[in-house]
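Annotated features in Swiss-Prot:
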- 1-42: region 'Disordered' (REGION)
- 36: phosphoserine (MOD_RES)
- 38: phosphoserine (MOD_RES)
- 52-57: region 'Interaction with DNA' (REGION)
- 59: phosphoserine (MOD_RES)
- 66-223: coiled coil (COILED)
- 69-74: region 'Important for oligomerization and fiber formation' (REGION)
- 88-91: region 'Interaction with DNA' (REGION)
- 88-91: motif 'Nuclear localization signal' (MOTIF)
- 231-236: region 'Important for oligomerization and fiber formation' (REGION)
């Protein structure tokens with residue numbers, strides 16, 4: 001009785017062995033879904049024994065400590081569960097490593113494919129851009145050459161135009177001087193003509209006066225001769 005009292009006091013401080021067993025059984029039931037082969041067979045056998053004994057105790061209505069046998073059984077179940085968990089962990093690690101390896105290979109393949117595609121695309125467009133830039137440089141050189149030619153032609157035309165303006169200015173100056181000389185010569189000629197005309201008129205007047213005087217003298221002489229002749233005829 002004393003021992004049972006001690007056991008009862010121990011149960012009051014911790015969860016009962018039945019509760020521990022129930023938790024272990026529930027945990028085992030959840031983990032058993034992921035196990036395979038002999039591990040599941042061992043756990044299912046031990047679970048069946050524990051379940052059978054628990055049902056006997058429940059049907060008898062006797063609540064007592066399972067003692068060392070149940071404790072050993074639970075420890076065995078715990079060991080089996082640990083082994084199963086360890087095996088599951090190893091399988092999970094292997095699967096994880098395999099998955100990581102496969103994923104790395106896929107990622108590496110995808111990365112390499114993308115890199116090749118990017119490199120191919122870069123090469124293709126780089127060549128196109130290079131060709132376009134070369135053509136652009138050629139066009140720019142041609143444009144600069146044409147611009148230089150046009151500038152040279154413009155400078156030549158400007159120089160020719162300046163020379164033409166100088167020549168035209170000189171010719172215009174010559175024309176102006178010639179016109180002034182012409183006007184001056186015309187004035188002098190008109191003046192000379194006036195002088196000549198005046199001199200001719202004066203000479204003509206002098207000649208007319210002399211001729212008139214001569215005619216008058218001849219007329220007088222003729223009249224005198226006629227009178228003399230008449231007188232002579234009358235006298236003789």
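Glycine residues also receive a Cβ, built from the backbone N, Cα and C atoms like all the rest.
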Counting by DSSP secondary structure, give me helix, strand and coil numbers for the region 'Interaction with DNA' (88-91).
4 helix, 0 strand, 0 coil
PLDDT averaged over the residues of the coiled coil (66-223):
86
